[in-house]
Amino acid sequence: MSLPETSLPKSPIALHKALDKVWGSGKGWQRFSAVNHTVIGKRFMVTALIFFAIGGVLAMLIRAQLATSGTAFVGPEIYNQIFTMHGTVMMFLFAIPMLEGLGIYLLPKMLGARDLAFPRITAFGYWCYLFGGTIIVLSMVFGVAPDSGWFMYTPLSSNVYTPGINADVWLLGVTFVEISAITAAVEITVSILKFRAPGMSLNRMPIFGWYMLVTALMMIVGFPPLILGSILLEVERAFDLPFFDPTRGGDPLLWQHLFWLFGHPEVYIIFLPAAGALSTIIPVFAQRPLIGYRAIIIAIVALAFLSFGLWVHHMFTVGIPHLALAFFSAASAIVAIPTAVQIFAWLATLAHGKPRFDVPMLYIVGFFIVFVLGGLTGVMLAMVPFNWQAHDSYFVVAHLHYVLVGGFVFPMLAAIYYWMPHVTGRQCVHRISVPAFWLIFIGFNLTFFLMHLTGLMGMPRRIYTYPSAFGWDWLNLLSSVGGFLLTMGFALVATDMILQFNFGRQFGRNPWKAGSLEWAMPTKPTSYNFASLPEIDRRADNLDVGRIAPELAAGKGYLGFVREGRMETIGVDMTTGKLEHVALLPNSSYLPLISAILTGGAVLSMLFSLYWLALILAFCVVGSFVVWSQTNVIKPNIGLLDVGRGEKLPPHTEVDGPVSWWANVFALLANGTLFASLLFGTIYNWLVAPNWPPQEIYTPGWLELGATAGFVLAGAIGPLIVRVNRNGGPFIVPMAVLAIVYLVTLALLGIALAAMPDPRGHAHLATTLMLLGYGALHCFIGLVFLLNAAIKIARGYIVHGALLELRIAQLWHVYTAVTGIVAVAMVLLMPYLIGLLERTP
Amino acid sequence: MIEYKLSTMPSGNASENRSKNRQGQPVRQNFIGSNQANTPVGSGDSQKRHGCNGMGPTADTGANAPHQQKLGGSNDCRRYAENKGRPGAPDARAQEKWIAGKPVEQVEAQCADDQRNGEMNAHGVNRMTGNGDCRRDVVLGDFLNDRTGIVFGFAHFASRGCASVATATLKRLRLFLTPFVLLALTACTGPLSTLEPAGPSASLIATLWWVMLAGSAVLFLLVMALLTMAYLRPGFGSNVPAMKWVLYGGLVMPVIVLTALVGYALVVGERILAHPGTAETRVGAHGQMWHWTFTYPDYPEIGETDVLHIPVGQPIDVIVTAEDVIHSFWVPRLAGKIDAIPGHENVVRIEADRVGVYNGVCAEFCGAGHTEMRFAVVAHEPEDYPAALLEAAQ
């Protein structure tokens, strides 16, 4: 391909105009079509902060109710909604989206890319979050907010004891938001791995990138257990299939295991990005590079693994044998080590440097004090005997707020003050930043430090009032006073932000003298981030921003031009950061909004038990995704593209491992975790739940064997399609065969499911239905893949040698085959396993 | 679901029946811990320490005088307690209000009344061991036995010092410290306070807490000192190589501290555990939205009560079950909590050192009535126990 005319050197202004025309998001109604990561990242953070304010008001209501003994402000029904919503809003609608927003906004800028891997998915994730969050919050207005606690323990949350739609709001709303979180996590993972500046090998990546990479991977593995738990519980509530009901072979503890398998890693998922911000900010203010870059990376990877091995420390009082508890206790204590490594790396950085003070540093000192205390009480709670006393008392309330506010809110406030100039292009004027900090710091400690004692004096959590005889009055009153100070502090911070946004002092480049790439661009940022992309030759948190920035603006880096009105950025080799391909990104689109509205409609239909409508809307959602795939299609056989600086690279459709292929790998990893959780649930109920063996045992027959054969065939034909295409053969033939295989397998599974005894009778039958249903659903989606490819073949986009679409579909076919075989094997094995149960006395 | 009514079964067979047949009864036994033999928990030393604790609920109107004597290291407390604290004896100074404590017999009579009336809620509010000042002295007495000496040792040294040496300086120090120590101790006591233990299990855990608090204070101050130094004397840490900071602070120190702590906690946990076959008495606690019922498999003739009656000075295994949703059985002054989970059977061991009424709460959120799901445990002298049970059952 010849050198495009637009690649000729231009003046920086002309280059800016040309790039902004392609990358800009549009005004007015066109804002709804925005897919740009800067725009979406800001939307995520602002929305999260609004939900934070809502959660804060709820906290104030709690403190008002508990300020004195015997308050008649609200009754238990309202109070239960308030504390459930406080926890839910803060965890799911504030903390997770806030860190996603921060990552979405910052990562491409720090890593030297122009956008994230899937701009439309970013937008879709935002709309899902907004709609899901709105459903959850609006339920409060209608008085049907969830009221079973943010942990939703069964049987309390089952439809026997919570008959209204309150619990359904939680299950559906949170699942909606979680799915958006997983899409964001997949996108962040592949963006970090593939979309970096050339030369930025993994060991040159800024430390924040490492933190977000580990966080995103943890989300991919950590969220599916809760999503599965929510699906099972919603199915139990809606269709009366028992999974957690102890009278029908389920077990309430299964919910707790699934919930905390998610819930504990969640704490680290929230903490790590905040720690990443600290690791970025502290060296800037210590005026020396971060000490222990490698040690920190090892520490956070270790933390990620450990955090999946200690969920049981939330369940020390459920009656698990003491020696098993001791194991989890030790694991919980060990997790303090990676945290200590980070704390001491930061301390060493400060102690070796020449620290200077500014508002972000105030919050970092606040972080040190609050978080270290939270960590110490965390170690205390990890000790089994102490946990038996402190569990579910206000001691835990104090601990978790010290960890989450200390480990997330304080660093986020530091981050907001640090990066706010980047977002607004204006610097903060100190007047009210400092008193705001002191109000927050004093208010926080007054509120929560005393709660340690309140808990040790025996105040259990989630009681709506208490008599004065227990001696908790003065503690609670002071906590409430502290709470209101804290609120005033946050109100001041909000005021400060608004003032800064409107009246802040404008500044030249790089106000903090930082060494990372996000400052090597105009602030506030342009839609395309960098007018041209840099070549990185050292660790990317120690760059000479003052030298790089003007060169990039002048178009002297890679891709310093516009080609055919396309949005382009560079994809690199995962580990070495060598140039690999040009990623051609889709432009602004209303499709994400439309798909999110359809998904929201499906969720609402399920909420109001309109299951047929929900099914129709679900089909519409699938259809809309096919439309996504059919728009912005890239022509086959483009060949090498010029990227400037004398380099030519293929487009992403013509390399082996572009982001879309890797994204599917990680999405299937999440899916696989969900499937593994389902297997875990099946085996757990068999092993532990009461009322086993069941009276009616499902004995599989030739239908299941036929389905197994179908899955084996799918696993063989999927790769065959790709091979035939590569060899220039008629690849449409194996595609047609695979479609028939899928249809037959679907039919066999359908007949098997229809002929099953009533699955409402026992957890054994209910899980069997879920396992076979899982296989059937995957066959159906496999058909959608084939249909999508067939349309592209008809439109001339998939020709011989255009492998990417087929290779992505191959991943799905093989995954379907493997999980389908395992699912059916599990069903085949169940009668034998139940037989074992009968033989043991 | 079959209701849990131990009282209707022969006492010896109750547990075997349950564990054998999963189909019939949705209950699985979940004994914590192994079968190894173990020395009785809460052995002599604990009881000795509580030498002056064997009193009934007391009401002391002359509050301040005993305090100061006690801080002076006098033994008045013990005498005082022995004089008036004969368990169950009517207390001449008892007041009319329950909150100040009543003689045990009266309390029991009232328990029986309440049971008939089904007024569970009143217990939690009004009934508790006497909050008389002498007991606060008892807490001080515990400190003398080094139970929590690490934290409050300074106060103890100060107070004992002034009794014996009586120098002017120390007197002033004593005058200065006394209100603070009293405040700190008052702040920690209460009818549900884990820091005012009344049984060996709760005592062991309280000690664990004070040890951890002291250790945490040291670690916290260390981090704060380093942080302060970084600002006060820039570059002060550059004498120590960068990686040594991370190695010693992040790895070596936590490994040492945590190993010791985990080992200590494991030993404490093993001592607290309800090792099967080592308890003399078993009682059942059944949680139901939103009240508890208690049963006595060792006394089949006794039906259900809604106040739990136990004998003092011996370990009692409470078999905790649930009817509907998850509850949690927690008597903070006696032991840690255990969840009551439908379909499961959990065991927690409690033991009271002295006669009295101990409050309990439901610690797991269980719906609209969670707050009110309180209960009371009444501890009797062993010789009075059967009679008290009979009376309670009527």
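Here the Cβ of each residue, glycine as well, is placed from N, Cα and C on the backbone.
Sequence annotations record features per position, and here TrEMBL assigns domain 'Cytochrome oxidase subunit I profile' to A:29-537. Per TrEMBL, the feature transmembrane segment maps to A:44-62, A:126-145, A:169-195, A:207-233, A:267-286, A:293-312, A:400-420, A:610-628, A:661-687, A:731-756, A:768-791, A:812-834 (among others).
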Chain residues outside the transmembrane segment (A:169-195) and at least six past its termini with a C-beta under 8 angstroms from it: 84, 88, 92-93, 96-97, 100, 103-104, 107-108, 111, 113, 115-118, 121-122, 124-126, 128-129, 131-133, 135-136, 139, 144-146, 148, 152, 157, 205, 209, 212-213, 215-217, 219-220, 223-224, 226-227, 230-231, 233-234, 237, 569-572, 574, 580, 583, 599-600, 603, 606-607, 657-659, 662-663, 666-667, 670
The transmembrane segment (A:400-420) and the transmembrane segment (A:126-145) contact flag, 3+ Cβ pairs under 8 angstroms: no
Intrachain residues whose Cβ lies under 8 Å of the transmembrane segment (A:293-312), provided they are six or more past its termini: 203, 207, 210-211, 214, 217-218, 221-222, 257, 260-261, 263-265, 267-268, 272, 275, 279, 320, 324-325, 328, 331-332, 334-335, 337-339, 341-342, 345, 382, 539
Region pair the transmembrane segment (A:661-687) / the transmembrane segment (A:44-62), three or more CB pairs under 8 Å: no
Recorded stretches the transmembrane segment (A:207-233) and the transmembrane segment (A:44-62) touching, at least 3 CB pairs under 8 Å: no
The domain 'Cytochrome oxidase subunit I profile' (A:29-537) [mean pLDDT, rounded to integer]: 95
